[in-house]
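The structure appears right after this line, and notes come after that.
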Amino acid sequence: MQPRKIVILGSTGSIGTQAIDVVDAAPHRFEVVALSAGGGNLALIAQQAVHTRAQAVGIAQGDQGALRQLIAAAAAAAGVRNFAPEIFVGPDASTRIAAIECDVVLNGITGSIGLAPTLAALGTGATLALANKESLIVGGALVKAAASPGQIVPVDSEHSAIAQCLRSGTDQEVEKLILTASGGPFRGRSREQLHDVTPQEALAHPTWDMGLMVTTNSASLVNKGLEVIEAHLLFDVPLDRIDVVVHPQSVVHSMVQFVDGSIIAQASPPDMRLPIALGLGWPDRVPRAAQACDWTQATSWTFEPLDTVAFPAVDLAKDAAKQGSTFPAVFNAANEEAVEAFHAGRIRFTQIVDTVESVLSEHSGSSELTVESVLDAEKWARARTLDRLATSAL
């Protein structure tokens, strides 16, 4: 069996670095042919390029000459001779890398800038292992229209869990999807208690080690709202049949309830290497991709309802998805700007979602969903959010 040829977008981020771990653990199954990253860590992507022997490397920003020198130095240190991958530099670098011939493109980019690479990957016919939920959320029908049935394989742990659970029944037998949420670092706090939380507290996630934006979104439950939209689009299940339940241990990653009342759950210790491996190998499983639950150790799994008063983001995301058009794009863009303002000390934590709600209330949508209308809506949302933040007081 020939190893699957893999392209990794966002290789220096959390998803990308763990994907390389997965490839290292199963070299007979996977072979990295290309990498891309933002360019903030040239030394790391140079090391990754040499380590994986990638044929092409892309960075959104940075100096091509400097990267080439770093690759040469890393190759010399590793004793690798005659290694000179093709290098792409510029805002479209990840899109060009995504179009390289391969079997699987893993999109681990953070944010809606992943939309163009997602569409490029789908255009090649390769399987898209999608960790960049924002591209599906803001692209919506555009992404679905570009994808062949089964071409998109989710990498988010919740959606990977649902995909596995759905193997237990037919589409007609599905009653509802149940996404689990850890509750984040502020679980159990009232809205009033959230007013004065700090950026440092928001980044102290109890389970996952992620980047600044995703970790903050997890604290506000915006991330779970985005995941509800993603589940709706991926699995064609109506929004009113998608529930969220808080599960602090993050062992049960999601569940599917069937029409006969049975519920199938996927459980494993929190480790993103498992859904990454499944995304790269789908529909096959990768042996020993991650540790299994240790049933010899005493443990308890608890579940509790989501406090939608303290954390209104999930309901707000559902409302945006129901309106469709460019509303999800506005939801995402406004949130990104508000999160940056929070970390800059300009607004309170609770003002993040309040600002998003306010901007959404002013949006009228687009008559036609195109890449251009999505980009225009995002531009409008970012500008409107910044206007509102300029008049916001702590």
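Glycine residues also receive a Cβ, built from the backbone N, Cα and C atoms like all the rest.
According to DSSP, Asn132 (NADPH binding site) sits in a coil region rather than a helix or strand. Annotation source Swiss-Prot lists NADPH binding site at Thr12, Gly13, Ser14, Ile15, Gly38, Asn41, Asn132, Glu134, Gly211.
Around His205 (1-deoxy-D-xylulose 5-phosphate binding site), the same-chain residues six or more apart in sequence whose CB sits under 8 Å from its CB are Ser182, Gly184, Pro185, Thr215, Ser218, Ala219, listed in sequence order. Residues or ranges marked as 1-deoxy-D-xylulose 5-phosphate binding site by Swiss-Prot on the basis of sequence analysis: Lys133, Ser157, Glu158, Ser182, His205, Ser218, Asn223, Lys224, Glu227.
Around the Cβ of Glu158 (1-deoxy-D-xylulose 5-phosphate binding site), the number of neighbouring Cβ atoms within 10 Å comes to 26. For Asp156, Glu158, Glu227, the entry in Swiss-Prot reads Mn(2+) binding site.
Annotation note: Glu227 (1-deoxy-D-xylulose 5-phosphate binding site) sits in a helical segment as assigned by DSSP. Working note on the binding-site residues Gly38, Gly211: by count of other C-beta atoms within 10 Å of each C-beta, Gly38 ranks first.
Annotated pair Asn132 (NADPH binding site) and Asp156 (Mn(2+) binding site), C-alpha to C-alpha distance, rounded: 8 Å. Other than the site residues Asp156, Glu158, Glu227, same-chain residues with C-beta atoms no more than 8 angstroms from the centre of those residues' C-beta atoms, the Mn(2+) site, are Lys133, Pro154, Ser157, His159, Ser160, Leu179, Asn223, Lys224, Glu230, Ala231, Ser254. When the alpha carbons of Asp156 (Mn(2+) binding site) and Gly211 (NADPH binding site) are compared, the span between them is 14 angstrom. Using a 10 Å Cα-Cα cut-off from Gly211 (NADPH binding site), none of the binding-site residues among Lys133, Glu158, Asn223, Glu227 qualify. Thr12 (NADPH binding site) counts 23 other C-beta atoms within 10 Å of its own C-beta, drawing on all protein chains shown.
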